[in-house]
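First up is the structure itself, then whatever we jot down about it.
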Amino acid sequence: MKSRFSTIDLRAVLAELNASLLGMRVNNVYDVDNKTYLIRLQKPDFKATLLLESGIRIHTTEFEWPKNMMPSSFAMKCRKHLKSRRLVSAKQLGVDRIVDFQFGSDEAAYHLIIELYDRGNIVLTDYEYVILNILRFRTDEADDVKFAVRERYPLDHARAAEPLLTLERLTEIVASAPKGELLKRVLNPLLPYGPALIEHCLLENGFSGNVKVDEKLETKDIEKVLVSLQKAEDYMKTTSNFSGKGYIIQKREIKPSLEADKPVEDILTYEEFHPFLFSQHSQCPYIEFESFDKAVDEFYSKIEGQKIDLKALQQEKQALKKLDNVRKDHENRLEALQQAQEIDKLKGELIEMNLQIVDRAIQVVRSALANQIDWTEIGLIVKEAQAQGDPVASAIKELKLQTNHVTMLLRNPYLLSEEEDDDVDGDVNVEKNETEPPKGKKKKQKNKQLQKPQKNKPLLVDVDLSLSAYANAKKYYDHKRYAAKKTQKTVEAAEKAFKSAEKKTKQTLKEVQTVTSIQKARKVYWFEKFLWFISSENYLIIGGRDQQQNEIIVKRYLTPGDIYVHADLHGATSCVIKNPTGEPIPPRTLTEAGTMALCYSAAWDARVITSAWWVYHHQVSKTAPTGEYLTTGSFMIRGKKNFLPPSYLMMGFSFLFKVDESCVWRHQGERKVRVQDEDMETLASCTSELISEEMEQLDGGDTSSDEDKEEHETPVEVELMTQVDQEDITLQSGRDELNEELIQEESSEDEGEYEEVRKDQDSVGEMKDEGEETLNYPDTTIDLSHLQPQRSIQKLASKEESSNSSDSKSQSRRHLSAKERREMKKKKLPSDSGDLEALEGKDKEKESTVHIETHQNTSKNVAAVQPMKRGQKSKMKKMKEKYKDQDEEDRELIMKLLGSAGSNKEEKGKKGKKGKTKDEPVKKQPQKPRGGQRVSDNIKKETPFLEVITHELQDFAVDDPHDDKEEQDLDQQGNEENLFDSLTGQPHPEDVLLFAIPICAPYTTMTNYKYKVKLTPGVQKKGKAAKTALNSFMHSKEATAREKDLFRSVKDTDLSRNIPGKVKVSAPNLLNVKRK
């Protein structure tokens, strides 16, 4: 199968690209993989996509190729330099397979150079061919050239066009070539035409396509070869302005079948592509296209699907070959047993015909042995007797005294002597081969064919010295009867074995065809690239696998009405509950999304049970309050976070089955929103199911891997608080002085807008003030008793704060100067007797890295906490001197021009005065974070207490806003409700099942699923765990044949993609399944 461009292919496609793409501007650059890139080109009323694969191909494409979620560094560099630039030229460098695309002109030009030979390369250079970026760094030691950034690309090293070979040079090449080598192989490395064109030209001039270099090539033949090369040169010149057609050459494969009367099926697969229909392909099936560029696009786009067909065809051939081998083996066994019967019968008859000779030989040898004559002397005696013409001695051919046997050559005494003497030597050799053990399989098979008995010919017969002649004859007849019985049994067993093998082969063929058809029909949905599941109330929940996916989820898929769910733990995923209807999302779905956020975090490995929280879509933003940069996957959350109850670290693994449209009606309402009574019933049934599973585990029916049994788990106690107002929480803190000051400042200032800063996923940092020690991570003891009762503390703290600040809020209050604040700090004046309780709440809030920022007079607050450092006074003095003539309006105007958030900060502060309510409680987090957050020095200086996080969708963009992929995903989102009804975990026996999708979700969502296992933190790798679960499903008594086929069709990589870390698999009767 042809896999890459030849020189003539390259010249033809370049001619077509120059005719269609020149003058178009680059819209964007994408990468399919590390070697394949897409350049989106456009001009008014026309768009095109140019596909480049390093070392392989260049062509435009009309097919939708999968693009990487985040562009590679090489694609980003190409975007930076090539975007919006016009394609000026596309030319070949010399006659090498190197293409130079020029974007832009003069000094603003950039060159993209693609190498299509060897391992290939893609190089981005400026107008002077200085390398800006390169796909594969290398050094050409032969030419002493280094291919690296800031080096100049060596254009002069490209192979220049050479004149046609002379007759003398061609004669030398043929003379020096090894004898027996194909002529086209000898010429191909020396000429730029390619093997297909050389073979075509040889055929056109009367040569065979496989003509070899040997003595038969005379001078006139070499002249004809030179004429052929001249034709090849004419073809090369034709491709410089190529505007012809394209051809895909096909290969016919015969599909094997078990049924003899069934007509033969042919499978046509793509084999090669060419800009011309060459002579060697004229008799082959082919497809003609209006342009070579379209032919290449069709070839490479369909080749992956054909690989699946070829793989299936190969598996079918192997299955039928095994069946054929079984058939041949049984035939050979039966034939060998039949021959053994005939030989034993013939030997018995020959002994009966030569009774006297056989008895005499037995007596002679017995007497010699009785007289204790040496075995070698007995052999010498026999040879002497043979020399004297003794008939008995002449019949003895070999003494096998170690086995108490004598080999005799017996013949039919009733035949004429002339007939007896024919081919005696050959028969003796045959019989010797018969007695000797064969060496190797080939000899054994040949011997079996030569062992056919020949009547009326002398035959070597082994005679037992311990038996008489009649007894020896009877022994051979007994062997013959035994072989006959064995033959009958073998025939019966062979029929059963062959039927079993045929049945197994049919099953294999059916499975291969089923898996192939499922793989082709399988549609990958847009949400499968993320972590995902469908809640028990038919809501789609998606989560990011890494920081980049978190960014994409919030940017592309967080729409009005959706809910954002997260957990304050390292590595926790950003979850989005898709809510296209905009109706309030039920608590059960919120809880399940919170479980997902926790399980895909560090809590899974640490086995920590804590709470997640959720916010509305408009509370999530990418804009920090001071205009500071938030890293990828980090957001701002403004406003109140709604905490969920603590969740167990318990996931489930199962399959969703895609049912045909005609069967969807059976499954509508399977995941409907339940009312409270139904919810309580479901909860009771869930509880009873879990209890029964635990009982089965204790009885030995439920098991996990052996490693899990040896594992020592640290118990984690969780108390669920039901009465919030009756609980008391005692908080201890080593930072009383700082917290007292914070309470005083909070009670004396307006309550500003709550803002929080959260570093998502892998960002691990610290939030600390001066004099504080870094929080240890992780805590070994976790007390969750403060999860629910925190609300009472919030109420108490807010009431006392509001009572202290009511007077100052009703009228304009005087702001404290930095000096007064420092004096207050020294005196440690408490603002109220109730501040102690608020202090405890503040201290707990500080430990969970959620800090409150008041936007008014931020600089004064900073001065109160942090005294001015060395050198700042002189710096402030210079700034006052520099900006002494600048009023507030000028400053605000300049800040807007610079894009700073300084002016917005004041506006937010003003809004905060009017909009904030009097009794808004202080927000706390229920759980200590997994680690502090590190914030830049600038943020620490200006905003001592930054809070978490959020996002406005228009504030940032990760990729091209007009990306087609995004539009397709959004289109798919519109049909989600119908799609989810067709995905069921409870297949009906009469359903038409199309394919199965593995799903990993909170275990509570799988209450009614037909197949499910429970996953908890353990030591088993997720790949092995997925196979264990699949094996359990395959051996289920309820599994139908179609469901097993669908299970088999799922790829191993898809099975374990969404399983969180190392797990323990639990299910009823799992141990019994493992033993099978």
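Every residue gets a Cβ built from N, Cα and C, even glycine.
Swiss-Prot lists 296-359 (among others) with the feature coiled coil.
Within the chain, the coiled coil (483-514) has long-range Cβ neighbours (under 8 A, six or more residues past its boundaries) at 258, 312, 315-316, 319-320, 322-323, 326-327, 330, 333-334, 337-338, 340-341, 344, 1045, 1048-1049. Annotation comment: Swiss-Prot describes 483-514 (among others) as coiled coil.
For 869-894 (among others), the entry in Swiss-Prot reads coiled coil.
What Swiss-Prot lists as compositional bias 'Basic and acidic residues' is 429-439 (among others).
As annotated by Swiss-Prot, compositional bias 'Basic residues' applies to 440-449 (among others).
Swiss-Prot lists 691-710 (among others) with the feature compositional bias 'Acidic residues'.
Sequence annotations record features per position, and here Swiss-Prot assigns compositional bias 'Acidic residues' to 742-754 (among others).
Marked as compositional bias 'Basic and acidic residues' by Swiss-Prot: 755-768 (among others).
Per Swiss-Prot, the feature compositional bias 'Polar residues' maps to 777-795.
Feature annotation from Swiss-Prot assigns compositional bias 'Basic and acidic residues' to 839-854 (among others).
The compositional bias 'Basic residues' annotation in Swiss-Prot covers 870-881 (among others).
Under the heading compositional bias 'Basic and acidic residues', Swiss-Prot lists 937-965 (among others).
The phosphothreonine annotation in Swiss-Prot covers T7, and the record cites a large-scale study or a structure entry as its basis. Long-range neighbours of T7 (phosphothreonine) (same chain, six or more residues apart, CB within less than 8 Å of its CB): V95, R97, P192, Y193, G194, M236. According to DSSP, T7 (phosphothreonine) is assigned to a helical segment.
Positions annotated as phosphoserine by Swiss-Prot, on the basis of a large-scale study or a structure entry: S417 (among others).
Summarising the annotation, Swiss-Prot assigns phosphoserine to S747 (among others).
Swiss-Prot lists S748 (among others) with the feature phosphoserine, giving a large-scale study or a structure entry as the kind of evidence.
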Legend entry - Within the compositional bias 'Basic residues' (870-881), residues counted as helix, strand or coil by DSSP: 10 helix, 0 strand, 2 coil
Inset, instruction - For the coiled coil (483-514), would you mind checking the mean pLDDT of the predicted model? - result: 77
